[in-house]
Amino acid sequence: MTQTQTQTRREWLAAEPFTLVLSAGFFGFFAHTGVLAALEEAGLAPRRVVGTSAGAIAGGMWASGVPTRELIERLVALRLPDFWDPVWRWPARRAADPDPGTPLGLLRGRKFDAILGEILDGRPDTIEACPTPFAAVTHDLGRNATTVHERGPLRPVIRASAALPVMFGPVRIDGRLHADGGIRDRPGFRALAPGERCLYHHLPHSTPWPRAHGQAGEELERMDTPTRTVLAIDTLPRVGPMALDQGRRALELARRECRAWLEQPR
């Protein structure tokens, strides 16, 4: 590449294998799926996927082999009653209850788990069996530390990674309580090896809880490095339990923005 030639982001990604890193972000799985769709259209398949919270939902399902088309269909059909199960509507947990979730949040999480079960039906049960290597980030509450999962049960790990405090209770994995990975590692960079080449899709911080590393930390996360290229879309509509109608808009906007971003110079 000479000084007069400029490498586009698409060319940079196509030149060597890359990892796709999908950040935490409230209901950001719509936007993440839009990015996955744009990459698929461009013929750019990540060799590995890392996901935190919303990123674990979209990334984990895709890495397990769920086609992007099916993900889109499932997400745009999502409605509040599909996952809204307040804890007070559920009986007390029994000793023999196999559910790994806990009643320590607004929602019990069983409906969310059922959705994951439906979409992942027929897919690998474990992370290590996924067709595309996958890593999910959670927060181990007992150790107060970030945990990277590259092996183990896929569904409970996705559920734990997305267990946003207050909204969902923590999830038991191997006898330990795990919550949303974004508590300490919102990008999911802890799952990367030193110098690992990656595309990082950064979702704007939109929850009422403060960032672990403040505004300065977020600015650093959004910066390209020699081994990291960053896509950050600040115009995404806010999606939430009471604004699911914005999900399709977020997905399509992310797809369009990613298409354009791929053709920009790096």
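Cβ coordinates are placed from backbone N, Cα and C, and glycine is handled just like the others.
Ranges compared are 51-55, 211-215, 226-230, and TrEMBL records motif 'GXSXG' for 51-55. Long-range contacts of the motif 'GXSXG' (51-55) within its own chain (CB-CB distance under 8 A, at least 6 residues past either end) are made by residues 21-29, 32, 134-137, 158, 161-162, 164, 180-182, 185-188, 201, 203.
Long-range Cβ contacts of the transmembrane segment (20-39) within its own chain (Cβ-Cβ under 8 Å, at least 6 residues beyond either end) map to 45-46, 48-59, 62, 68, 71-72, 75, 164, 180-182, 186-189, 191-192, 198-207, 221, 231, 233, 236, 239-241, 244, 247-248, 250-256, 258-259, 262. The predicted model assigns the domain 'PNPLA' (20-193) a mean pLDDT of 96. For D180 (active site, proton acceptor), other Cβ atoms within 10 Å of its Cβ number 27. Following the DSSP three-state reduction, the secondary structure of D180 (active site, proton acceptor) is strand.
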